[in-house]
Amino acid sequence: MQRLQICVYIYLFVLIVAGPVDLSENSEQKENVEKEGLCNACTWRQNTKSSRIEAIKIQILSKLRLETAPNISRDAVRQLLPRAPPLRELIDQYDVQRDDSSDGSLEDDDYHATTETVIAMPAETDLLMQVEGKPKCCFFKFSSKIQYNKVVKAQLWIYLRPVKTPTTVFVQILRLIKPMKDGTRYTGIRSPKLDMNPGTGIWQSIDVKTVLQNWLKQPESNLGIEIKALDENGHDLAVTFPGPGEDGLNPFLEVKVTDTPKRSRRDFGLDCDEHSTESRCRRYPLTVDFEAFGWDWIIAPKRYKANYCSGECEFVFLQKYPHTHLVHQANPRGSAGPCCTPTKMSPINMLYFNGKEQIIYGKIPAMVVDRCGCS
């Protein structure tokens, strides 16, 4: 009994010397550790976001087969951009980003962008295009985007200046050919007739698919065309060489080519917002702003939701392949572990100038992260 009392006295003495225990200190330390963990997660996500933006810039140039971003200023874009109905419809109405994630899928498509529409502007005329010492409009050069795809539709768009009184307009589209023995330099393509009323000018489209297909088969036969739109008094109403106040009224070709459908496979994933404390693999929002890059050569969209993946990957969590966990169990030291990566991506539609100042409307694959997983 006496021995027990001695032990109790010693214990009380130790408590007095050590002083009171501050339980709040442990909770404060725990809170600091949690805050530090959250801070590290935020920093990691910010670094991942920055890397994703840089990767997107590189991917876009690579997928569009551009070595560098086209050097086209905002003012130049305003001058080159046709004020024509088909282009305005693309800018105002087309779906800049597909939201119809029909099947969760990782696109099984080619790496490069798929062209759907090309707006070809007239190129500068050369000596072959000059008749009687005068340049004629118009001569069009065609990129590989048209040459190696099936042409579905080809429309020549011309702008007719306004008239003061009702009149009938005779449109002539003439194809320039090599001089024949009798001196003939032209052959007719189309000669539509239309009625115009006083008011604003109008855009008129003419089907030139057959002519374009012939040019693609025999490029040497492409010497250009001449455009005329004569009213009843013989005045030419067609804008071929725009004057003051006629920017964006140049003739142009609208060419539509085929697009190949892609196969898909299913997958699943989880989403989080930027304020989430979740440390596991998730998809986070990311908006890419092309104007912030100074990429004025991209006509539309000016920005799009790209998203990115970030987070830790525990084994058997959102794994893309079921055998990943088995491989790690068989050889835990030889496996680096799964990584948080996109498992479903979708394309975006883009309207842009290429290096030849042609306007392209096409689809760029795998630019939007729809789902994330561990693989």
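Numbering starts at 1 and runs along the chain as it is shown here.
Each residue, glycine too, has its Cβ placed from N, Cα and C.
Of the listed residues CYS42, CYS137, CYS138, CYS340, CYS340 is the one Swiss-Prot pairs with CYS281, by disulfide bond. When the disulfide-bonded residues CYS281, CYS340, CYS372 are compared by the number of other CB atoms within 10 angstroms of each CB, CYS340 has the fewest. A straight line from the CA of CYS309 (disulfide bond) to the CA of CYS340 (disulfide bond) spans 6 Å. A gap of 7 Å separates the Cα atoms of CYS374 (disulfide bond) and CYS281 (disulfide bond). Between the alpha carbons (Cα) of CYS372 (disulfide bond) and CYS281 (disulfide bond) lies a span of roughly 7 Å. For the recorded site, CYS313 (disulfide bond), the DSSP three-state label reads coil.
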